[in-house]
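Let me begin by presenting the structure, written as structure tokens, before commenting on it.
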Amino acid sequence: MATASFVHDLGIVLGVATGTGILCRKFNQPSILGYLAAGLIVGPYIPIPLFADMGRVHSLSEFGVVLVMFVIGLEFQLSKLFKVLPVAGFSALIEIGTMLWLGFSIGIWLGWNKVEALFLGASICISSTMLVSKIFEERPVPKNVRTFVLGVLVLQDVAAIALIAAMSAVAESGTFSVSSLSVTLGKLTLTLAAMVALGLLIVPRLVRYVLNLKNAEASIVTAVGICFSFSLLAEELGYSVALGAFVAGLLVSESGRGHDVEHIIKPIKDVFAAIFFVSIGMTVDPLLALESIGPAALVLAGVLFFQLMSISIAGILSGNGVKQSLTAGLSLGQIGEFGFIIASLGIVAGVVRPSLQPILVTVAVVTAFTTPLALRGAPRLVDFVDRHLPARMKHLLVVYEGWFEGIRQGKTTEERSVGSKALRAIVLDTLGWIFVTAVFLFFFYDITQVLGEQLGVPAAYRILAAYGFLLLISIPPLLGIARNTHNLGEWIICEVSAHRARSATAMTPTGQSVLRSAVRVLVMMGAGIPAAAAFRPLVGSLGIGVVIVAVIVIMLAFLWKSAGRLDAEIRSEAERLVAFLDRQRSEGVNEQAPDAFFPNLENMDGIYIFEDSAGVGKTLTELNLRARSGVLVVAIHREGQDVVLPTGSERLMVDDLLFVTGTSDSVKLARKLLAEGPSAEEEDEAFSEDESSTAAEEPVN
């Protein structure tokens, strides 16, 4: 009877999921929406005569979680992680910290307890790899955007593993406290280390041996057996089956044959992943969802706005450019499958209210619709932002992006280790400061008692004295962060200067000042935002977050002031350039490279306007050259009518010579746009579809 019941449930679930999935694909919607809709249809809350047993479907859905995590483990490679860190590391860190802080704050504002608020924050901070990958298949984006977005997703997947481990500990204890969480995570770390160490002795050799037999049946049975064996081991040890499956995938990937195993297991994974999403849909009571529409709308607004802002701002500050960063922010504006996995940990453990699930489903469904629409509107948003940015900011961002391109393309040198050492020291000092502050906050009451009873501090001054003690013990790590931030800034200046060594000029003190200010902002955001997210559950108030934001704003003000001086230098150098060209034409002065006049700019190049160029007779505003390509037009040289830092209203003429700066790709695209028109941009975006399999190693969930 049990077998028949499972057959009945599988038949109903997969049959309905097939219909709804095909319907979604027909209307170019993600299949996940179809599976969630199938769950509503076969669930107990809608009177449609197609019912499946919720308990049995939930049991089957665990297979989907296990297999998804197994495949993620198969794909996890330290080499891939290190490859995406320079492009997407800072953005992923800021996005995860921001969304954790936001989710917890929304939960507290709704009157939830700390554990429930923490689960909400953890559930909304990871975007959907499935959805984004599907959207990119249907609507190709430029290669640099694709690499950036998939890099963020890879790092989010890594963070999701850590979150699952941490939230499993919270679900196990039922409370959020530093002591219990530290003990549980310590035990978990030792357990995982033991599993990996012992597994490395057996699993890679076993996988290689079985695959060398070239027997499909033996290969798939072995792979699935390893997957579920480690899941069982993790469950027996009191941890999530998802963690065990991830470790199994990690061990199998060490065989060097992870791609082969993934190819074998993917069809099974897809089937049970569909069942997992159907089971999520079955848990949604439409009436409860309607009752939770207010919180769902609040979470939805937070996800859409703060995902966009965190990714865009972090992307711009890490040198990825306005167009690339805004497009990436729109691409990642949703919650993903990990959110449901994390939420289910709390719901199953009984530490989270059931209404969390329909809230997440509502947000997931709406964002699955809005993400493709937002991506289609990305060019308009980029154009809007570009038109409303102050001229000083436009000039700074182009120069800044060029600097970072030079750093990323630089060769590995002995000096590069100086930057890596400084960055590692900043990370360690930040973690040390967070740990010291967290311990202080946890024992805050005990510290005030000691100050009063043992040291005789009056009650009115105990809190002030306690925070003075915190400041005292924070001095060593904070001084370390400041010292290594300075070292990191000097290293970046050396790298940019080394990249400009082929030019006749070196960076000016103003350019160096801008870079130092930018590095301070990057470090403050990279250390401060995760710290604010970590302290939020401990403090309960917004105080620390407000202080960190205030410091970042002050640093941005200094950066803005430095940018003004840089803008003045660029204008002065542009005037020198056009004056030199006029003398060259009239007096026959020897030719000189354009970038010799611009000590702070990368990739300075001249673009000649021919008679058949598409840009003839159009203004820079009509061409929308900066928003489309990302270049800055420094000067237009024409006989008797030179233009320095054009405003956009200038109409291009035959024989004009435009001097532009930007990244190498931006300059190439600008040249094509001026010669061929908007079709050049479409070709630039379309090529990523042909290289989708090689542009980045795409994570599969």
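Cβ coordinates come from backbone N, Cα and C, glycine included.
Annotations in TrEMBL come from automatic prediction, not curation.
According to TrEMBL, the protein carries these features:
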type	residues	note
TRANSMEM	6-25	transmembrane segment
TRANSMEM	32-52	transmembrane segment
TRANSMEM	58-78	transmembrane segment
TRANSMEM	90-112	transmembrane segment
TRANSMEM	118-136	transmembrane segment
TRANSMEM	148-171	transmembrane segment
TRANSMEM	183-203	transmembrane segment
TRANSMEM	271-290	transmembrane segment
TRANSMEM	296-317	transmembrane segment
TRANSMEM	329-352	transmembrane segment
TRANSMEM	459-479	transmembrane segment
TRANSMEM	541-560	transmembrane segment
DOMAIN	590-676	domain 'RCK C-terminal'
REGION	675-701	region 'Disordered'
COMPBIAS	679-692	compositional bias 'Acidic residues'
Positions on the same chain near the transmembrane segment (58-78), where near means CB under 8 A and six or more residues out: 6, 9-10, 13, 157-158, 161, 227-228, 231, 241-253, 258-259, 261-262, 265-266, 268-269, 272-280, 282, 337, 341, 344, 697, 699-701
Among the ranges 6-25, 32-52, 148-171, 183-203, 541-560, the one whose Cβ pairs under 8 Å to the transmembrane segment (90-112) are most numerous: 148-171
Per Cβ pairs under 8 Å, the stretch of 148-171, 271-290, 296-317, 329-352 packing most closely against the transmembrane segment (118-136): 329-352
Residue numbers, six or more beyond the limits of the transmembrane segment (329-352), whose CB comes under 8 Å of its CB atoms: 32, 65, 68, 95, 115-116, 119, 122-124, 126-132, 135-136, 141, 145, 149, 152-153, 156-157, 160, 163-164, 167-168, 170-172, 174, 240, 242, 273, 276-277, 280, 303-304, 307-312, 315, 360, 363-364, 367-368, 370-371, 374-375, 377-378, 381, 701
Same-chain residues at least 6 beyond the ends of the transmembrane segment (148-171) whose Cβ lies under 8 Å from its Cβ atoms: 72, 76, 80-81, 83-85, 87-89, 91-93, 95-96, 115, 118-119, 122, 125-127, 129, 132, 136, 141, 180-181, 184-185, 188, 192, 239-240, 242-243, 246, 311, 315, 320, 324-325, 328, 331-332, 336, 338, 341-342, 345-346, 348-349, 351, 696-699, 701
Per-state residue totals over the domain 'RCK C-terminal' (590-676) - DSSP helix, strand, coil: 26 helix, 19 strand, 42 coil
Per-region confidence, the domain 'RCK C-terminal' (590-676) (mean pLDDT, whole number): 81
